[in-house]
Ligand SMILES: Nc1nc(=O)c2c([nH]1)NC[C@@H]1CN(c3ccc(C(=O)N[C@@H](CCC(=O)O)C(=O)O)cc3)C=[N+]21
């Protein structure tokens, strides 16, 4: 394997955004409307703020129309559902994203179900979850797991027969990542907080995907020499002299063992946004 160890998610995401921008430019040059994305944010969470700004900036780079809806922290569920209904009907809007986490008084499940599956660019609606589960190509697929697959393919090429261990079983990353790698003909193991022997299972992975939300939890004892390690975590930790972003993987300890590894930042994060733009264009193409 003649590959650099550090997988440059930012560069790969830049390439994807450039490709999306070309496809969008080809549409608008024909006089067609651009694809449109609505980002809905309730309350202000400083981390969400950064992500939402990144999303808007990337939309601009790609020529995708973006609209930001910032709602007060105390917005009622009724008002939020009303906004989603109007976005579902809006002919300029192809993709709707409700930034998570939501304030506690809003029930996430009910809200995510209100987004039209055709505009569900996060891939969180039960219809899209189901389409992904049965391997239907019409599914809008969750952006972060889609980015993980692209990064693994960037290093390994065809993934057929690879053993993927996914650490974490969330609906937004772990479970859909398992489905997407299965669709690539991988063998897939899901490891989670109740697993009896997580590190031992993880050491069998050709591709280790870590999405647990615990800073630097995975060390070299979880990694088979030469494995491809994909770190989904983004945790802000206090270093004593300011804060720093770290993943769920202890990069310093794991990098010497791994065949390739994604850094944080600059790994999976930028790929998530590229996936969002890609889904917005896919949703557009389904209606135009
Ligand atoms: N409905 C919904 N969909 C999401 O996709 C969603 C969400 N809610 N809530 C929050 C998480 C988090 N997320 C990230 C996106 C980009 C970066 C990203 O671009 N990170 C950069 C920079 C990070 C930084 O500087 O803070 C990097 O890793 O290099 C990170 C995290 C999307 N999320």
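Every residue, even glycine, has its Cβ placed from backbone N, Cα and C.
Feature annotations, courtesy of TrEMBL:
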type	residues	note
BINDING	168, 169, 170, 234	NADP(+) binding site
DOMAIN	7-122	domain 'Tetrahydrofolate dehydrogenase/cyclohydrolase catalytic'
DOMAIN	142-285	domain 'Tetrahydrofolate dehydrogenase/cyclohydrolase NAD(P)-binding'
Where the record names 168, 169, 170, 234 as binding NADP(+), the maximum Cα to Cα distance in Å: 16
Neighbourhood of ligand 1 - binding-site residues from 169, 170, 234 with Cβ under 6 Å: 234
Residues that sit under 8 angstroms from residue 168 (NADP(+) binding site) by C-beta distance, when 6+ apart in the chain: 174, 191, 192, 209, 210, 211, 212, 213, 232, 248
Mean predicted confidence [pLDDT] for the domain 'Tetrahydrofolate dehydrogenase/cyclohydrolase NAD(P)-binding' (142-285): 98
Local Cβ density at residue 170 (NADP(+) binding site) - other Cβ atoms counted within 10 Å: 17
Listed in sequence order, residues with CB under 8 A of residue 234 (NADP(+) binding site) and six or more positions away: 245, 247, 264, 265, 269
All-chain count of other Cβ atoms within 10 Å of residue 169 (NADP(+) binding site): 18
